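In case it helps, TrEMBL gives these features for our protein:
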DOMAIN    43-181  domain 'FAS1'
DOMAIN    265-393  domain 'FAS1'
SIGNAL    1-27  signal peptide
Amino acid sequence: MDPQINGVPKIFLFLLLPAIIIQISTALPTKHQSSSPSNTQINSNSVLVALLDSHYTELAELVEKALLLPTLEAAVNRHNITVFAPRNEALERDLDPEFKRFLLEPRNLRSLQTLLLFHIVPARVDSPNSAESTQHKTLSNHRVKLTNSGSGEVLVDSAKVVRLNDVVRPDGVIHGIERMLVPRSVEEDFNRRRSLRSISAVLPEGAPEVDPRTHRLKAPAPAVPAGAPPVLPIFDAMAPGPSLAPAPAPGPGGPHGHFDGEAQVKDFIQTLLHYGGYNELADILVNLTSLATEMGRLVSEGYVLTVLAPNDEAMAKLATERLSEAGAAEQIVYYHLIPEYQTEESMYNAVRRFGKVRYDTLRLPHKVMAEEADGSVRFGSGDGSAYLFDPDIYTDGRISVQGIDGVLFPAEEAATSVTEAKPVAKLVAKPRRGKLLEVACGMLGAVGQESHFTSCQ
C-alpha cells in the first residue's frame, strides 16, 4: 500500500478531514434555517402594522385578544394576505351581545381564532372585474365567495364591501365590510354552548312519598290549573312545619367578637395622621384623654359614630385655657361625636331636604345643628359655625370621619364666650323708693314742706 497520495502523506489527510467537514457543514444552510420565518422581521410598511394602526380598532383588539399576531406575522412573511375587516359599528352595536360574550370567554379562544382567521385570505385578492363569483380559501381552512353584483356592489359571502381597497400595502390589502362573517363551525359551537346552558338548570322535584298504610309510593298529585283554589287548606298552610331554627347572627356579644372596635379606632386615627392636618385631634384622642378606648368600646358593642374632626388650624385658634380646665378636652370632643353613621352625601341630602337638621351628640343633652350653606354643610351658627371642609376622610361602615374648619361649642357656651369677650359697662342704679313714700313726698311738696325730709330730696 502506497503511503502517499500525489506526494501527500495519508496521515496528513486524515488529520485535515474533520476540519474540512466542519467547514462544509457551516457553509451549507440547514433545512430548519431555510424554512423558518422567524429570522425575518415585519416591515413598518406591512399590512399587519397598518391593520393595528387603522380605524378598525375593534377588529385589531380582537386579534390581540385571540393571540393571533404570531400567526399573522408568519403568514405575511410567506405571502401576501387580504383582510376583510368589519367596521367598528358592526362589532359594537350590530353584534349580538350574547354572541360577543361567548367569543370573549377564555374557554372559547379556539372559536374566536377561527372566526378571525375566516376574514383573512393568504393571497392578494383585488376586486372582481366580472360578474362571476370566485372562491378563496381562508386561514381558517374555510372558503369565502367574492362576487360582483354588476351594479358596483362587491359581496363577500353575504356581506357588502363598503370600503374597497381601504388599505393597500406591498404585502397585502384590507377591504372594509359592513358586518362580521361567521363560519358555520363557530355558529354551531355557539348554539351548542347556549343549549347546554339552557338545560343546565334542573327544576327541583320533591322526593317520592310513601303511603304508610300500603307501604307503596303515592301517585303524584295532579297539576292544579291556574285560578283554582289551593289544594292545601289555609289552616294547614299557616301551621308551622318541622323546620330548623335559624342560626344566630354574629353580633358583638358572640364568642368571635364580631366588631373589633379598638382596631377600627386605631385605623381611623392612623388615617387622620396620614391624611395630614388633624394631628391635634389625634393627639387629644390618644395622649390627653382616654376617649380612643371609650370609642373602641362603643364600636365593639355595636354602636356607630360620626366624628366631626376640627383641623389643626381650627384647634390652634382655641384658647389654651379651654383645654387646661379639668375635663374640658373630653367635653369638647364629646360635642363632636354623633351617635349615627353619616357621610358627606347623607348629611348634605338631609340639609337640602329639611333645611336645618339637629344631630344628637355624646355630650348630652346638647345637639349640633346643621344646615346647607354655599353648597356645603355648615354646623353651628354665627361666629361659632364650621363648614364641612374635608368630606369622608374615613368611612368603614361603623366609623365616619368628616373634617371641619372650626371647633364647635353648644349655643349656651358660645353665647357666654362672646359675652365674656366684650367689656361690660357698670351701671349704678338709684335706690328705689316705696310707693307710699312717693305719695307722702308728693303731698308735702304741695304745701312746701318736702325740704324737711331727707328721703324726699
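Each Cβ is built from the backbone N, Cα and C atoms, and glycine gets one as well.
Since we're looking at a predicted model, the values are computed, not measured.
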For the domain 'FAS1' (43-181), what is the mean per-residue pLDDT, to the nearest integer?
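Average per-residue pLDDT within the domain 'FAS1' (43-181): 86.
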Looking only at the domain 'FAS1' (265-393), how are its residues distributed among DSSP helix, strand and coil?
62 helix, 32 strand, 35 coil
Quick check on the domain 'FAS1' (43-181): DSSP residue counts for helix, strand, coil, in that order please.
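Helix (H, G, I), strand (E, B), coil: 50 helix, 38 strand, 51 coil.
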